[in-house]
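Trainee: Handing you this structure, nothing more for now.
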Amino acid sequence: MTKQKRLSSIIRIIVLTIGAVIMIIPFLWMISTAFKTPTELNVWPPSFIPKSFKLDNFLAVFDAVPFHLYFWNSLRMATISAVAIVFTSLLAGYIFAKFRFVGGAALFAILLATAIVPFEIYMIPLYLQMQKLDMLNNFRGLVAPYLVMSFGIFFMRQNIMQQIPDEMLEAARMEGASEWRIFFRIVAPLCKAPMSALGIFAFIEAWNAFIWPLLVVGDTKLYTMELGLAMFQSAFSIDLTVMSAGSVMSVLPILLVFIFLRKHIIESISMTGSK
């Protein structure tokens, strides 16, 4: 490695390290706040490490709201969304990647165009559709918009085109395999890494949803974690210590999912970026 390349590598590492520290400090501050008392939070100069690590704020979360119910609603919604998006994206991506049909290119272009449209633009029409289908204030209406992802279809299409040669599929057809058998026995196993990465993205998107649940859900029994956390804030006050404790608990499932599937995520991203 030349001196210029070594210097460039060192600068890159320093910049990335500084960026990582800047991003992780708010997260660490949230964890610290979750263990503090309101009095300790308002002192100046502020202290990063709490004087005593107590679980009072975490217990207060369950005393203030039915947090376990909100947790279950978010977990159920995010899990169903992740499974549905992975399946629909893999199936649609396989069709767009390996089948030629009239209007396929135009349909795929329209699909990509929808990916850049902000949710706020079609939020009201979507709400009116849910109203006509009698899907307001129930779990079906809550999860319906999170069953398909246009980016997921594009993502899976690109991975299938790169990883699965047409000759392999033709050989399977010559052996008498049906299209569904090819899909489940060849396409799906070869796309485990991108499926895991997409599942993580879909899970996080549904888990962090706020605007849509706020629109369609009126019954507090259907509230998600995000709506439950918002209940700790009123027009004139906010309990940051209790809200931070609730936020820490809401982040844990995402961290656990990432920890268990990080190998597939990194593999998928590296493969997509290198081909």
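Every residue, even glycine, has its Cβ placed from backbone N, Cα and C.
Here's the feature list from TrEMBL:
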DOMAIN    71-261  domain 'ABC transmembrane type-1'
TRANSMEM  12-31  transmembrane segment
TRANSMEM  77-97  transmembrane segment
TRANSMEM  104-127  transmembrane segment
TRANSMEM  139-156  transmembrane segment
TRANSMEM  235-261  transmembrane segment
Trainee: Counting CB pairs under 8 Å, which listed stretch among 12-31, 104-127, 139-156 touches the transmembrane segment (235-261) the most?
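Mentor: Result: 12-31.
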Trainee: What else in the chain is close to the transmembrane segment (77-97), if you only count residues 6 or more beyond its ends and a Cβ gap under 8 Å?
Mentor: 104, 108, 139, 142-143, 146-149, 152-161, 164, 183, 187-188, 191, 195, 198-200, 202-207, 209, 224, 253
